[in-house]
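Since the structure comes first, as structure tokens, the remarks are kept for the end.
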Amino acid sequence: MVMNPTSFEQQQTEKLLNPMGRSQVTQDLSENVILTTVDDLYNWARLSSLWPLLYGTACCFIEFAALLGSRFDFDRFGLVPRSSPRQADLILVAGTVTMKMAPALVRLYEEMPEPKYVIAMGACTITGGMFSSDSTTAVRGVDKLIPVDLYIPGCPPRPEAIIDAIIKLRKKVSNETIQERSLKTEQTHRYYSTAHSMKVVEPILTGKYLGMDTWNNPPKELTEAMGMPVPPALLTAKQREEA
């Protein structure tokens, strides 16, 4: 067997000029080896095993509990409900948060290990909902207590909306890097609300209508329009004079 000296010299020259040349990957190797980065591998492991903390204070939690059933099956996302904050990395606040419950919520959040995420579910959690106008104990937004990553509006939101929020949270986790987490202990792109500019209005249920004349006696215009004479026993002194 005689080798071509010209081709051999070209190969040696190519090795000297480009010693780190790209090696040829065989077909079998390309089908059995996955190339990735440490960030992608780490984020894939975290987004595939989000463990939510069971925390519900009102009717919104019933919709979250529906995810545990076979119809929605949120186990396919790797979600495993936990009862201890030390084993959870996601807290889904579902329901009204009161002033008395606020310190307990903050304590649960602080006991969760980093990195941790928060989802605010329902109108009562986000803004106070139906209790935002006249309640003296409801917190007007859970983002006044802890930072929130995602909001799920609704009263209450359907389980499909919760699944959509989980998918968006998984996308957020997949875009994080280890360098950002090592430089900053606090997570970025989280939301704290500002003070609400609420106006004080006169209460509606004051009880003053009980003392009005029309409460016991219909007005004269109404009786004339309906053609129903009022019995004399029900007439007041002023109405008797007018009659």
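The backbone N, Cα and C atoms fix where each Cβ goes, glycine too.
As written in Swiss-Prot, here are the features:
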type	residues	note
BINDING	Cys59, Cys60, Cys124, Cys155	[4Fe-4S] cluster binding site
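Apart from Cys59, Cys60, Cys124, Cys155, the residues listed for [4Fe-4S] cluster, the same chain places the Cβ atoms of Ala58, Ala94, Gly95, Thr96, Met121, Gly122, Ala123, Thr125, Gly129, Gly154, Pro156 within 8 Å of the centroid of those Cβ atoms. Remark: of the binding-site residues Cys60, Cys124, Cys155, the most isolated position is Cys155 (fewest other Cβ atoms within 10 Å of its Cβ).
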